[in-house]
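Undergrad: Structure provided below as structure tokens; questions to follow.
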């Protein structure tokens, strides 16, 4: 059994999602958003760091998974996103959590089955996979999708390393 904290980083809104993995079962623990309403970037980064640190204290996760930076059309936005990621990662590393990073396309492919999925599709699948009563907020759903992706990737890595990977008719079982 392990508790995974997933993060969807942003300099204005950082989503977080916490799930518990027990074998192949996933259980929703909590999710939400860290909102930074101030204008100056250094203060926003401080708030991201403090918010992620508080979430780590509250939920005591075993590992930390975060979305990688994608190349945005706006270079300034990509740089700010990278800095917000850095603030979140430092919060995890300061608590000795292992950090795992996943590309947005990999996350969408894992959760929806389509690497080019829309946000609404991710929300719907997160709701379905975690048996939630309603769709979570978009940024929280993205963070939960990061955590779900980590569960699937780590589960498959465990199956491969333990020799429990069975191939039949070209499909994984």
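Start at 1 and count along the chain as shown; that gives each residue its number.
Glycine is no exception: its Cβ is also placed from the backbone N, Cα and C atoms.
These came from Swiss-Prot, pasted as-is:
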{"type": "ACT_SITE", "residues": "8", "note": "active site"}
{"type": "BINDING", "residues": "8, 139", "note": "Mg(2+) 1 binding site"}
{"type": "ACT_SITE", "residues": "67", "note": "active site"}
{"type": "BINDING", "residues": "67", "note": "Mg(2+) 2 binding site"}
{"type": "ACT_SITE", "residues": "139", "note": "active site"}
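For each listed feature, how buried is it and what is near it?
TA: Around residue 8 (active site), the C-beta neighbours below 8 angstroms that are at least 6 residues distant in the chain are 14, 15, 16, 17, 67, 139, 140, 142, 143, 145, 146.
According to DSSP, residue 8 (active site) is assigned to a strand segment.
Residue 67 (active site) has a Cβ environment of 24 other Cβ atoms inside 10 Å.
Neighbour density for residue 139 (Mg(2+) 1 binding site): within 10 A of its CB lie 24 other CB atoms from the protein chains shown. Classification of residue 139 (Mg(2+) 1 binding site) by DSSP places it within a helix.
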Undergrad: Which of the three DSSP states, helix, strand or coil, fits residue 67 (active site)?
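TA: Assignment for residue 67 (active site) reads strand.
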